[in-house]
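Engineer: Got a structure here, written out as structure tokens. Questions coming.
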């Protein structure tokens with residue numbers, strides 16, 4: 001079995017913001033197109049695994065919608081991704097409906113042949129540190145059973161509450177002081 005050091009060998013996490021992608025597209029179209037092919041392929045895999053008709057994540061929609069994409073690579077090959085962005089949502093706390101600008105996890109995918117190695121947790125924790133946010137302050141866009149299990153395993157105890165808009169929040173979401181949406 002791999003040790004943690006061996007698992008993380010040759011791995012890199014890269015953050016791509018809208019500005020980064022627009023700059024890459026204008027300055028190095030070849031590199032942009034290569035990244036686009038990899039991200040679009042992984043977005044297709046993510047959507048297929050969730051039985052969705054459309055693709056949640058393409059490089060174009062990351063740039064167009066002002067989201068942030070975290071890419072996990074091994075020896076330059078994309079093996080995982082996490083997309084996060086800000087959405088204006090109506091959230092129900094059990095009594096009242098609140099309209100807020102919320103930090104949202106929009107897509108999260110690790111290639112099948114790289115799962116069960118702790119790499120998803122590494123990627124998720126990298127994003128949390130980068131955005132200076134706790135998992136309970138995120139809204140999760142229609143999370144799959146696998147993502148719900150991941151959250152319960154790594155951030156237990158956590159009770160997840162489904163919202164009418166198909167987002168899911170932690171039960172303590174409203175118990176914490178409201179923070180400003182993260183900086184992009």
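Cβ from N, Cα, C; glycine included.
Found this in Swiss-Prot, in case it helps:
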- 1-174: domain 'N-acetyltransferase' (DOMAIN)
- 50: site 'Crucial for catalytic activity' (SITE)
- 108-121, 144-153: acetyl-CoA binding site (BINDING)
Engineer: I need the CA-to-CA distance for residue 111 (acetyl-CoA binding site) versus residue 50 (site 'Crucial for catalytic activity'), whole Å please.
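Structural biologist: Just about 13 Å between their Cα atoms.
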Engineer: Would you say which of the binding-site residues 108, 114 has the most Cβ atoms within 10 Å of its own Cβ?
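Structural biologist: Its Cβ has the most other Cβ atoms within 10 Å: 108.
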Engineer: Give the number of CB atoms, excluding that of residue 111 (acetyl-CoA binding site) itself, located within 10 Å of its CB.
Structural biologist: 17
Engineer: Among the binding-site residues listed here, 117, 145, whose Cβ has the fewest other Cβ atoms inside 10 Å?
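Structural biologist: Comparing Cβ neighbours within 10 Å for the binding-site residues 117, 145, 145 has the fewest.
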Engineer: Counting only residues 6+ apart in the same chain, whose Cβ is under 8 Å from the Cβ of residue 151 (acetyl-CoA binding site)?
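Structural biologist: For residue 151 (acetyl-CoA binding site), the qualifying residues are 135, 140, 143, 158, 160.
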Engineer: Compute the C-alpha separation of residue 114 (acetyl-CoA binding site) from residue 50 (site 'Crucial for catalytic activity'), stating it in Å without decimals.
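Structural biologist: Pair distance, Cα basis, whole Å: 18 Å.
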Engineer: Tell me, how many other CB atoms lie within 10 A of the CB of residue 148 (acetyl-CoA binding site), whichever protein chain they belong to?
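Structural biologist: Excluding its own Cβ, residue 148 (acetyl-CoA binding site) sees 15 Cβ atoms within 10 Å.
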Engineer: On the 0 to 100 pLDDT scale, where does the domain 'N-acetyltransferase' (1-174) sit on average?
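Structural biologist: Result for the domain 'N-acetyltransferase' (1-174): average pLDDT 89.
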